[in-house]
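These notes are about the structure you will find just below.
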Amino acid sequence: MFVCRLPWWRSSAACKSWQSGHFLPWDRCQMLSIKGINTTVGQEQQASMQEKRVLEDLEMPLARRETETLFQEQPETGNQYLEDTLLRSYLKTHLPPKVLEEVHQDLERFGNRLLTKIQPLSRECELNPPVFRQYDAWGRRVDHIHTCSAWRRMKEISAEEGLIAEAYERRYSNWSRLYQAVKLYLFSSSSGGFSCPLAMTDGAAKVIESLGIPGSLKNTFDRLTSRDPEKFWTSGQWMTERRGGSDVANGTETVARKQLDGTYRLYGFKWFTSAADSDVTLTLARIADAEGQCTQGSRGLSLFFLRVRDEEGKLNNIQVQRLKDKLGTRQMATAELWLQGARAELISAEGRGVAAISNMLNITRIHNVIGAVASMRRMISLSRDYARKRVAFGKLFKDHPLHVQTIARMEVQVRGAFLLLMEIVRLLGLAETNLASEQDQLLLRLLIPVAKLYTGKQASAVAVEAMESFGGQGYMEDTGLPVILRDALVLSIWEGTTNILSLDVLRSLAKSQGQVMAAFLSTVQRKLELASGTQELSPGVQRAREAIGSLRQFMAASGSEQALTMELAARDFSYSLARIYTGRAKMGITQPWNGAALLMEHAARPDASSTDVCAALRWCNQELCPVAVESGRGSYRGGAALQDSALVFGNSRL
């Protein structure tokens, strides 16, 4: 008879205090006796003999095995900054020496803090999600959202580390935004979900700054960008209502009524409000005229600022209906709210709310990319460490070529995603310091939705694949792995689904009358010419050039097609842009267009490693221009939409 049981983590590692920053907390320690060797907290006796013992234990008689505990070693990570060789080599290549010296010291310190102090708080946030108490013991409505102490501590740490402030102090000029993004990237996987309110806080600060920091919002801006935990505020972003998510133009029903003192009262229902425990928020509403009528569509939307609570902590004429029961990001309070005369300030021009909020959406989408790349890096780091420890079929996982190949394929994806992220925040830093050229600004407009939609999909796929690398343990809640997957799944949905953002990419092309695409193609072509001088990269350069040619042919052919053709092609077109741009090369810091680079440029550096070259070539081995391939197959022709409809609905009941 054969009994199959899911193994436990090796007890000596599992019993290590969660306060030491290791991956898994345990409520208690167990004493194991393995061939006469006792293993307790803090002891690592005979660790080098573990593999041999595992193999011997598998040969034990069943009667003995039933009285002993099977075990595995838990995966661990160290200082995230020091272990991330791609991040460190990127910063070394592109930051000015003095900036690099200061940044390196701070990031090494921050990496140690993440390991020893912040990761334990993250687990506490996951185990203690917010609780909503609608009434007190005497029947009075209080609508109190209780968050755990670890969540509140995350807010203090965010201020202390300047996770918002860094971008607005601009100590390092155009590199400040990139530096902030790097800290957020390191923080994200250990934030216990607090990276989400930080995204909206950053977005709110950006909107206020873009408005010139009006006097009435000066105190708010100072608090949103403060390093003082006692002063620091977070912001919400209340857009989604009952009738829809991305379609705010037609889905917004909230009404704003002007008061005699010039303020407004808001009335409506906000169906999905993330970080409902925030201090302030930005929201859209329609201003009612003297007859109570509102302009419909996007032209009727205006942007408002409001405090969530007054000085005494009472809600600003807001009622909490319930907390949302979400698949992931359960550490953060997301609520349904009734606005019943909430006092607010109009901060955009009347009817210009969508335009005013666009700065916030750009920032939150970049944060979405940060979260996606960070989650991928976290899962791969754990998978890599596990491969060094886990034994199956007589040898460690790292000695099974197929297993290592699977992780290597994920590594190529996260490398490309990371460099795409760095490129976007580099461009944003230039724009914020008035150093961006017109071409920089055009590229930034295009790359934000492209990166958000592509990395969101990457993160979900990598999380699923990496979870499988742990076998049955990947499916166990107390390992902490399933929460990474659940939280990653929102990244392709929040701030615009893949299809919505693909259509946004098409709008950016149309609005610029082709200038955006011209900037994209000329930049990629110019950088490929630089990479062509590196012999090892020539196969990748050739494939990239072929992809650009295919993309040009598709665009020329689609120019005479109906709008339906481009809509059907929108997703594949956006994927093509992401893959081609991520595989391209850029100039070094001594050339024009100085700064960040993608896989080909990173591999063309004088001190590039063979691993850098391998990653660039493997990226280029995938289909770089799927839109051309699908076009050749007739996937976007006139009859394709009818065929799609027949496949989806043909056999369904009316």
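Glycine is no exception: its Cβ is also placed from the backbone N, Cα and C atoms.
Predicted, not measured: the structure shown is a model, and the values here were computed from it.
As annotated by TrEMBL, domain 'Adaptive response protein AidB N-terminal' applies to 76-210. Summarising the annotation, TrEMBL assigns domain 'Acyl-CoA oxidase/dehydrogenase middle' to 237-340. Taken from TrEMBL, the feature domain 'Acyl-CoA dehydrogenase/oxidase C-terminal' covers 351-509. TrEMBL lists 515-649 with the feature domain 'Acyl-CoA dehydrogenase 11-like C-terminal'.
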Here the stretch out of 76-210, 237-340, 515-649 with the most C-beta pairs under 8 Å to the domain 'Acyl-CoA dehydrogenase/oxidase C-terminal' (351-509) is 76-210
What DSSP reports for the domain 'Acyl-CoA dehydrogenase 11-like C-terminal' (515-649) is 97 helix, 0 strand, 38 coil
Over the domain 'Acyl-CoA dehydrogenase/oxidase C-terminal' (351-509) the mean pLDDT stands at 96
DSSP composition of the domain 'Adaptive response protein AidB N-terminal' (76-210), residue counts helix/strand/coil, works out to 94 helix, 11 strand, 30 coil
Secondary structure of the domain 'Acyl-CoA oxidase/dehydrogenase middle' (237-340) by DSSP, residue by residue, totals 7 helix, 48 strand, 49 coil
